[in-house]
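Sequence annotations record features per position, and here TrEMBL assigns compositional bias 'Basic and acidic residues' to 1-15. Taken from TrEMBL, the feature region 'Disordered' applies to 1-23. The transmembrane segment annotation in TrEMBL covers 37-58, 92-114, 148-168, 180-201, 237-255, 262-282, 302-320, 332-351, 415-440.
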Amino acid sequence: MAAHQEKKLAEERKHQNIQNDTKASQGQWGRAWEVDWFSLASILFLLMFAPLIVYYFIMSCAQYQCSLTDPLLDLLTGNKHLSDIWNRTPMLTYRAAAIYSLWVTFQVFLYVSIPDFCHKFLPGYVGGVQEGAVTPAGVVNKYEINGLQAWIITHVLWFANASFFHFFSPTIIFDNWIPLLWCANILGYAVSTFAMIKGYFFPTNAKDCKFTGNFFYDYMMGIEFNPRIGKWFDFKLFFNGRPGIVAWTLINLSFAAKQQELYGEVTNSMILVNVLQGIYVLDFFWNEAWYLKTIDICHDHFGWYLGWGDCVWLPYLYTLQGLYLVYHPVQLCTAYATGVLMLGLLGYYIFRMTNHQKDLFRRTNGNCRIWGKKPEYIECSYLSVDGTKYYSKLMTSGFWGWARHFNYTGDLMGSLAYCLACGLEHMLPYFYIVYMTILLTHRCLRDEHRCSSKYGKDWKRYTAAVPYRLLPGIF
């Protein structure tokens, strides 16, 4: 009898442990279930001030030749009032609304209506229908990977117009830059609000939704994990990649065209910015299938943070270097320009090769060679929401043996190169490296907190084997 009761108690404890592990696993993906005061304060700050930050940067270029201090000095000394600055700001126009509506509609058409054909003739490119990572509810979504195709079609049409058709000027984006900002804000808020309503009333998968009961947190961080309309229109994949990142290189080309129009030449600094950022954009679309395994798709819910951020923050603040060079053309000496180019290419090499090593390791389940030898790794396990046990391997060799997020290190090197291409006279172009440092450091901490909850003791073994996050020997 005693043995029977002891066995029964052991089984109950085991069942309770599984329930606890399952409950813990629900918090390991995506955002929080509960909101602390610090998180709420941070979210309220971003909701109130992020749109103002974007406006301030763009207004500073349009009215103060990209000076970040002169607007504040004017206001503090009484030389100007807020109404003076606002009255000089271009408002929303029918032309800008038509341009932006046509742009977004065209990108939606390319996304949902033309299956990928690039993977059929480009060796090494992975496109077409691909599977994403398993969601907290155990769902594996399928995606139509056709971003590279959309980018190529869009840019072929852009250059065809600039060279032959002349339906519009290549400076059209710069010429309507602030009116287009209002259009981007309208879309960003509209899609974020729609996503929240959808999460409450008609979610794609109710088991992959999170509700905190706090309106501001749910609006900012999102409720649905993978909101979709129909079978293929996935909000996260579309807004993360299109229309903002496809537009990134078009925006830079428009800035270069404006520089040519104003000064009769395109400076080597503008060429550097176009080339280095163009490489990054092309890399994103070439590896769009790999992107399905990144933090944005695998962990973030879709809310204002991604919806508004992809529509407004990304295209307007990631392109500050090109905008600055329209107002302040910089011709770099050959040695300096070469150094910036080398830094950017080295950063890209580290970024790409680090991600390639991880992707190769995952695809082959560790049956590959990294730097000429079999990779080392730590085996881990975790539970999904339904209690299913999964196994994973964390690599501890190659670049991943140097630091746990060495791909971010390469990304930061490239970001610094974009800024250095603008010279050293103004602060504004350097916002990008400051922002990226904060963003990627925060991502490191978010990712590691999630992995610690997900893998438990196995994560401690991993961090002991790879002690540094970004900079070997330092951090």
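Every residue gets a Cβ built from N, Cα and C, even glycine.
Because TrEMBL annotations are produced automatically, they should be read as predictions rather than curated entries.
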Other parts of the chain folded back onto the transmembrane segment (262-282), taken as Cβ under 8 Å at six or more residues beyond its ends: 148, 151, 245-246, 248-249, 252-253, 255-256, 318-319, 321-322, 325-326, 329-332, 337, 340-341, 344-345, 348, 414, 417-418, 421-423
Spatial neighbours of the transmembrane segment (332-351) far in sequence, C-beta under 8 Å, 6+ residues away: 267-269, 272, 275-276, 279-280, 283, 399, 406-407, 409-418, 420-421, 423
Beyond the flanks of the transmembrane segment (302-320) by at least 6 residues, Cβ under 8 Å: 46-47, 50-51, 53-54, 57-58, 181, 184-185, 187-189, 191-192, 195-196, 218-227, 235-236, 239-240, 243-245, 247-248, 251-252, 255, 277, 296, 428-429, 431-432, 435
Distal contacts, the transmembrane segment (37-58) - CB-CB under 8 A, six or more residues away: 68, 71, 89, 177-178, 181, 185, 214, 216-217, 219-221, 304-305, 308, 312-313, 316-317, 320, 323, 428, 431
Intrachain residues whose Cβ lies under 8 Å of the transmembrane segment (415-440), provided they are six or more past its termini: 57, 60-61, 66-68, 269, 272-273, 276-277, 317-318, 320-321, 324-325, 328, 330, 332, 337, 340-341, 343-344, 347, 405, 408, 470
